[in-house]
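The substrate binding site annotation in Swiss-Prot covers 168, 184, 185, 213, 393, 394, 395, 396, 397, 595, 596, 597, 598, 599. Feature annotation from Swiss-Prot assigns site 'Important for hydrogen atom transfer' to 185, 422; the stated evidence is similarity to another entry. Per Swiss-Prot, disulfide bond is recorded for 185-422. The site 'Allosteric effector binding' feature in Swiss-Prot is assigned to 192, 222. Swiss-Prot lists 393, 397 with the feature active site, proton acceptor. The active site, cysteine radical intermediate annotation in Swiss-Prot covers 395. Under the heading site 'Important for electron transfer', Swiss-Prot lists 699, 700, citing similarity to another entry as support. Residues or ranges marked as site 'Interacts with thioredoxin/glutaredoxin' in Swiss-Prot (evidence: similarity to another entry): 716, 719.
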């Protein structure tokens, strides 16, 4: 295997330097060339080492042995006794020995810093550390394995070897007595009645209190000026509900730790769409301005078709549509019913220009990075599950079917619908390609995420509980694509890069379905509604059985051969189809590619499957200030492969995501990056290109001069290489 980015030699002179230089100063040297004009990767290795010597070791509580430590952590209510009671003490100690025998070392200073500031168990006063990474990994494994010793051992191997990384809420909370939920992303529908609105605000409070980010659907709310009790011009539209939600998230701020996070989605053909977008304008009136809620817009195919022909675009009264069709506005296919609704005199309409709509969208994205975009028809064509997908989540990668709830006057449930929770974790593509057993790595990840679903019980929001219990939905993500491609001498977005992405996701999909089918066979059950899905009919498998999927380039064929990873054949898919049709799959949804933030640094990965934003990334980390992070596997000899996202451009990013999208049942967080010379026309071109390529959702729009959240993207030395 090629050397990692941290394999640069540490010389005697750097050892002398380390005795008198603190870890923060050493890390900062990443942003300075050495005398030969090289990036000083060795200084970051030293910084990580010094972080332990100067800080971690001095602030870690000492125990004489494992028994003393475990007894203390249980007795003092740090660890959940119920988790450990599922195993013998000897097994728990053997698992810890297994983890420590791996001799794990953080590859970067930022990875170590992130772990100790954000994840590890600390004393109740927050001043001292009670765990090392090995302890955290074992507690995650013991929690998720729920008494299965074999699975616990496999989980320790997969996590500590860096192949599988649970998402933040799972990695942070598992096994702790004082903890949040292991899942932290939720989607709710709001229906067009006061009971649903009130209950949704309460649900947002409950979920935010538990550390959750919540996305809510506003498309069904009657528009501004619609009738209430047959009296015209009474409705206030969606803006006051957005204000209520913004205040709710601000109030439920997780014990003051951080602001609650919320997003709202509205359909492009809802009459309030311009009002909705105007809430994010910098010069918006304070009465309507929305500062902290994220915005998403749902755009159907018809909107693009109208813009292509430079035609008018009609917005339809959501109030009238629900009365004519007897289903909520969001459950109607606007593309399918557009001309029918246009001709229906019972439905009020507002006329705008389709191209003007896209222009306003691009202007706002330039100004604020919002809104997210969901391509409604693309999403629903690819959906193998019965029902309609109406909106996405805070990171635009969760795409699941939801159903409305009905409420009594006292806000109790007359009928509990299905809302959505996201159980996430990601594979490190580079480490997974290096796995001694690719199929096992994928299966263990699926079993871990299924355990998160099985162990999550959000009883305060019955529709979330119902959705989780019925669907067992999970979202296996991926990260470190750019890092892996660069390590192997492939440019991101090149023919070989896109070819690898296609075959990798194709192969993962096969093993994901096989794992979920195995769980269904073991448990003798499958997700609710399986029999009405494209999995049960076999239709889902047609594209894999009717054509051959194999590498188009010699390089990618060679990578899979050297890794001894067998690429599934048409016959493999035929056998899998027979198994699934006969026995089902346990999980309604299986894959979703989130943006991956902090866990990427701990795992030393490039974020998600998008390109790096900088060769050496600058982050602002609380009181410590600027911290520098080198791209994985980068050395002074392979810098040419580390073009940043702004240099690569939107087409290659979209091509890469399109290759992955065709094998992912949910979505992928796709941020578009533009140089500061870009215009709104460039943004519109990118949106059209994404739509044509079958992309499902778009996340943020980033201009080079805009800072990524929590970072500074500026002209640092390493960016100019």
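Positions of Cβ are set from backbone N, Cα and C atoms, glycine also.
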By the 10 Å Cβ-neighbour count, the most surrounded of the recorded positions 192, 397 is 397
Neighbour count, 10 Å Cβ-Cβ cut-off, for residue 393 (substrate binding site): what number do you get? 30
Which of 185, 395, 422, the listed recorded positions, has fewest other Cβ atoms within 10 Å: 185
Highest CB neighbour count within 10 A among the recorded sites 699, 700? 699
Most Cβ neighbours within 10 Å, among the binding-site residues 168, 596, 598, goes to 596
Out of 168, 185, 393, 397, 596, point to the one nearest residue 192 (site 'Allosteric effector binding') in space (Cα versus Cα); all of them are binding-site residues in the record. 393
Which value in Å gives the longest Cα to Cα span across the substrate site residues 168, 184, 185, 213, 393, 394, 395, 396, 397, 595, 596, 597, 598, 599 as recorded? 19
Using DSSP, would you call residue 699 (site 'Important for electron transfer') helix, strand or coil? coil
Look up residue 168 (substrate binding site) in the DSSP assignment and report helix, strand or coil. helix
Determine the Cβ neighbour count for residue 222 (site 'Allosteric effector binding'): the number of other Cβ atoms within 10 Å of its Cβ. 25
Do me a favour and check the Cα-Cα span between residue 596 (substrate binding site) and residue 699 (site 'Important for electron transfer'); whole Å is fine. 13
If you measure from the Cα of residue 700 (site 'Important for electron transfer'), which of the binding-site residues 168, 185, 395, 598 is the nearest? 395
